[in-house]
Every structure is written in structure tokens, then in C-alpha cells.
Amino acid sequence: MTISKFVTLSNGVKMPIFGLGTWQASKELVYVSVKTAINNGYRLIDTAAAYFNEEAIGEALAETFKEGKLKREDIFITTKCPPPFLHPDKQEEAINASLSKLKLDYVDLYLAHMPCAYDGELKPEKILHDCKPEDIWKGLEKLYDKKLTRSIGISNFKIEQIHRVAKIAKVPIHNHQVELHLRSSWPAGPAPLENHIVQHLAKKYSKSPAQILLRHLIQKGIAVIPKSTNEKRIFENFQIFDFELDSNEMKNLYNIAQQPRLFWQDFLIGHPEDPYKEEREKQPQSKHNV
């Protein structure tokens with residue numbers, strides 16, 4: 001099986017199937033990480049206004065373009081509109097601020113970071129009860145029509161909210177970014193990299209456990225954005241296009257017991273559009289202030 005290094009969104013835009021995540025990466029570290037990733041073949045960089053590192057990413061991109069290593073069209077940049085700017089009247093202000101920091105005229109994918117709109121500056125302060133996911137989406141459509149972004153999508157929405165948006169959308173949802181478990185040592189929960197099936201396959205293919213899990217996802221056609229600021233891991237994570245898991249191995253990985261959510265976004269508690277409300281009620285002991 002030959003895995004394409006791109007997935008094609010419903011509007012024809014090609015998005016790299018593998019990219020660099022930058023959440024919880026400081027400005028100093030993210031600059032080096034982005035440069036390292038690009039030099040190692042990465043062509044997708046994922047960030048968000050709420051990560052507070054867009055400016056450093058913009059510096060790394062500007063330097064890369066100046067050096068002639070890449071043209072703007074060679075790299076795919078994703079950023080996200082933060083909850084305090086999800087009201088349709090504030091979204092253009094948010095994307096323009098991101099574009100200024102990233103030193104770009106457009107982004108390739110712009111996501112609603114949450115289905116929950118708030119008032120405030122960069123941190124949510126007051127719930128906006130009159131702004132529903134459908135309203136958020138209509139605002140994103142306007143940014144898309146103005147060509148400030150080549151595609152639009154959502155992040156952390158629940159299925160019911162996705163259906164509601166899809167029902168009213170003039171522009172279809174191009175992408176949905178969600179949590180997937182690839183952490184080796186998160187103190188709050190199980191460690192999938194230590195699973196015996198993953199360990200067995202890592203030994204068989206002479207790969208790391210992380211490479212096995214990443215390969216499993218891209219072989220299912222899921223685009224991945226593992227975050228790392230470690231130069232060795234940034235290189236290693238990308239080395240997953242030179243082997244193939246067979247159908248039984250894919251099935252065994254898929255059937256590993258479902259792991260609980262790790263990132264509960266507790267600041268959403270009390271919001272009428274909290275996407276994790278039902279999950280919280282079923283697994284209250286699993287909540288973490290993340």
C-alpha cells in the first residue's frame with residue numbers, strides 16, 4: 001500500500017497527512033521546532049491564537065521563505081479562532097491578528113477552536129448564550145468567501161453539533177480536529193506506547209512505538225499533527241512512510257481498549273454548548289484541569 005502524503009479536502013484543497021503540532025510549545029522552542037520540522041520534510045504546521053506562539057512561527061516561516069527553501073504555496077498552515085472571538089462579529093478581527101503574527105496573507109485552514117463562544121479578550125470570561133455553533137460556522141463561511149483562508153473547519157465539536165452545523169452550512173465542513181491518544185507518559189492516564197501489541201509491532205518493524213501508532217492513523221487516512229520540540233523525535237516521527245501494517249495488525253491496533261479522554265477543557269463547564277457534558281457525567285473521576 002502506497003500512502004499519499006496528502007488528503008484532499010472536500011473543496012479540492014490538498015492537506016498534508018502529517019504535520020507538526022505546537023500546543024504548549026514556548027515561543028523560543030517553537031521557532032526552532034518549526035525550522036527543524038521543515039528541514040526534515042514537514043509541510044504542515046498547526047497552531048492557534050490560544051497557543052500564544054503564532055508570532056514565533058511567523059518568524060520561522062519568513063526566514064524559510066527568505067532563504068528560498070520553500071515558497072508560500074509549499075506549506076500548509078492551520079490556526080484557530082479562540083473562544084472569545086468565535087462570535088461572527090469578531091472572527092475577522094481574530095484571523096487578521098493571526099495573519100499579522102504569522103506574516104501571511106492567508107492561512108490554509110482556519111478552525112473554530114471550540115463550539116463554545118465567550119466574551120473577553122484572549123481568555124474566556126463570560127458565556128455568550130446567543131452564539132450557537134451554527135452562528136460560529138456562518139462567520140467562518142464569510143472568512144472563507146473573503147479568501148482569508150483556503151478552507152474552514154471545526155475542533156472539539158460533538159457529533160450532535162456537527163450535524164447541526166452541516167444542516168445549515170453553505171460551505172461544507174472541510175476538517176474536524178480532535179483529540180487522539182499518542183502520549184507515552186501522560187501522568188493522568190494509560191500509556192498507549194507501552195501496550196504489548198504496540199511494543200510487539202515496534203520490534204517487528206524496527207520502529208518506535210510512536211511510529212507504529214502514527215502509521216496506524218495515516219494508514220486509516222487520518223491526518224496527524226504530533227507535537228514535539230525534540231529534534232530527534234521530530235525527525236523520527238516523520239519516518240513512517242517506509243513500512244506498512246497488514247490488515248490483521250491494523251485490526252488489532254483498532255481493537256485496543258478505548259482510552260478515556262485526557263483533555264477535558266474544564267473551563268467549558270456550565271456553557272450550554274459544552275461538548276463534553278455527557279462524557280463528564282459518565283466519567284466524573286476522569287476529569288482533569290487541562
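Each residue, glycine too, has its Cβ placed from N, Cα and C.
The number of other Cβ atoms within 10 Å of the Cβ belonging to TYR51 (active site, proton donor), over all protein chains shown, comes to 23. Residues annotated as active site, proton donor in TrEMBL: TYR51.
Annotation note: HIS113 (substrate binding site) sits in a coil segment as assigned by DSSP. Residues or ranges marked as substrate binding site in TrEMBL: HIS113.
The domain 'NADP-dependent oxidoreductase' feature in TrEMBL is assigned to 19-182 (among others). Residues belonging to the domain 'NADP-dependent oxidoreductase' (19-182) score a mean pLDDT of 94 in the model.
If you look up TrEMBL, you'll see 197-254 (among others) marked as domain 'NADP-dependent oxidoreductase'.
Neighbour count (other Cβ atoms within 10 Å of the Cβ, all protein chains): 28 for LYS80 (site 'Lowers pKa of active site Tyr'). Among the features that TrEMBL reports, site 'Lowers pKa of active site Tyr' is placed at LYS80.
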- May I have the DSSP-based helix, strand and coil counts for the residues of the domain 'NADP-dependent oxidoreductase' (197-254)? 35 helix, 2 strand, 21 coil
- Task: Could you list the residues of the same chain, at least six apart in sequence, whose Cβ is under 8 A from the Cβ of HIS113 (substrate binding site)?
- Result: ALA48, ALA49, ALA50, LYS80, CYS81, PRO82, PRO83, LEU86, SER155, ASN156
